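The structure appears below as structure tokens.
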Amino acid sequence: MIGASLAKKGQLTIVGSGIASISHLTLQAVSAIENADIVCYVVADGATEAFIRKKNPNSLDLYHLYGEDKQRTDTYIQMAEFMLIRVRQGQNVVGVFYGHPGVFVCPTHRALYIARSEGYKARMLPGLSAEDCLFADLGIDPSSVGCVTYEATDLLVFKRPINPASHLVLYQVGIVGKSNFKFDYTSDENIHFTKLLDRLEEAYGPEHSVTHYIAPLFPTEDPIAEEYTIAQLRLPEIRDKIHTISTFYVPPKTSESLIYDEVLLASLGVTHKPSVPYPWNPEATPYGPREKKAIELLAEHEPPKGYRPLKERSGLLAVLEKLCLEPLEMKKYNEDRQAYADGLKGLTENEKEALVKGDHRTLAGALKVGDTPTNPAALVFTFIITRLD
């Protein structure tokens with residue numbers, strides 16, 4: 001498949017514009033836009049649209065493919081084909097889609113799958129989703145007790161399981177049961193909303209809290225994070241606040257007790273019961289005896305033997321920056337790694353060797369004092385307490 005994809009000239013890159021206007025576009029996404037033959041986009045605001053057109057004047061808005069007399073699925077098929085036609089013409093096509101381009105986005109996955117099956121090079125670059133914004137604004141770590149994400153209608157239609165002991169995120173709560181498209185939905189058209197509330201009440205009870213969340217689009221706005229009980233969401237004045245871009249966050253029920261696998265804990269050599277850390281454990285304190293002791297030790301801390309600082313000077317840093325941000329430079333590198341490295345000045349032999357090899361262990365090690373490959377374990381940063389220590 002790799003050989004076949006390189007045999008055809010056209011290629012497809014899908015990127016996300018994020019949620020916040022302009023500022024959520026990654027450097028990688030902007031670089032892809034600038035270097036595309038044509039950009040096809042569906043974004044949420046005019047400022048982002050204008051920014052895309054500024055970066056690449058040959059840009060086309062796919063939003064016009066929506067129609068109030070069409071099913072959304074038909075529109076998504078057309079959006080995918082609009083990009084694929086140009087890929088088949090041999091063009092370097094970039095599709096820009098609101099949020100993360102692979103999260104609750106149908107045409108991107110369709111286009112990528114078809115492009116790859118036809119032998120074209122196709123890839124997706126990550127972007128920021130509404131859920132990423134929700135985690136940041138509400139201060140939630142999904143790893144604390146686990147997290148499940150559903151589309152609201154999907155939850156109901158397929159009777160998806162709800163785990164009250166974990167975080168729950170629900171998308172598209174403002175258009176429950178809607179498969180058509182309108183340019184201007186109103187809250188009174190969300191006639192199946194109570195069906196969603198019935199499902200939540202069944203799992204959590206009427207007094208359990210739900211946070212109604214909307215991420216800010218422009219820097220002039222603040223996030224909307226309104227907490228209601230499930231019962232309150234049935235009130236007309238509250239229900240009317242739910243829009244097409246609304247997301248629900250449902251916290252775990254604090255009454256749910258953790259179930260431990262005693263046999264497994266023993267096999268791991270853990271003699272105590274794991275606990276949920278602060279701030280996710282309402283019974284924990286931010287400055288208990290353990291926390292105070294760790295903070296006291298901070299004053300006398302010295303970098304451990306295994307720590308390797310970044311080199312003060314390295315020609316490899318500038319090279320990697322170019323490879324990250326300039327697709328044409330990356331193309332030259334891929335054509336002949338050895339010739340590319342030999343043509344560069346200011347690199348040590350170790351740095352050249354690392355560049356030719358190209359794997360993360362060798363490259364990461366070449367940027368650090370010592371020049372030796374980095375242990376893979378050192379590349380994994382686990383900031384959440386495992387509950388086993």
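Just so it is clear, glycine is given a Cβ too, placed from its N, Cα and C backbone atoms.
According to Swiss-Prot, the protein has these features:
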ACT_SITE  Arg72  active site
ACT_SITE  Tyr76  active site
ACT_SITE  Tyr98  active site
BINDING   Tyr98, His100, Val103, Ala130, Gln172, Ala215, Ser246, Thr247  S-adenosyl-L-methionine binding site
MOD_RES   Leu379  N-methylleucine
MOD_RES   Phe381  N-methylphenylalanine
MOD_RES   Thr382  N-methylthreonine
MOD_RES   Phe383  N-methylphenylalanine
MOD_RES   Ile384  N-methylisoleucine
MOD_RES   Ile385  N-methylisoleucine
REGION    1-253  region 'Methyltransferase domain'
REGION    254-370  region 'Clasp domain'
REGION    371-376  region 'Precursor leader'
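The structure, with features from Swiss-Prot marked on it.
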residue	record	Cβ contacts under 8 Å, 6 or more apart
Tyr76	active site	Cys106, Pro107, Arg110
Tyr98	active site	Gly16, Ser17, Gly18, Ile19, Val42, Val43, Ala44
His100	S-adenosyl-L-methionine binding site	Gly16, Gly18, Pro126, Gly127, Leu128, Ser129, Asp132
Val103	S-adenosyl-L-methionine binding site	Ser129, Glu131
Ala130	S-adenosyl-L-methionine binding site	Ile19, Gly99, Tyr171, Tyr213, Ala215, Ile245, Thr247
Gln172	S-adenosyl-L-methionine binding site	Phe104, Glu151, Ala152, Thr153, Thr244
Ser246	S-adenosyl-L-methionine binding site	Val173, Gly174, His212, Tyr213, Ile214
What does the DSSP secondary structure composition of the region 'Clasp domain' (254-370) look like, as residue counts for helix, strand and coil?
58 helix, 2 strand, 57 coil
Give me the largest Cα to Cα distance among Tyr98, His100, Val103, Ala130, Gln172, Ala215, Ser246, Thr247, the residues the record lists as binding S-adenosyl-L-methionine, in Å as a whole number.
16
Going by DSSP, is Thr247 (S-adenosyl-L-methionine binding site) part of a helix, a strand, or coil?
strand
Out of the recorded positions Arg72, Ala215, Thr247, the residue with the smallest number of other Cβ atoms within 10 Å is Arg72
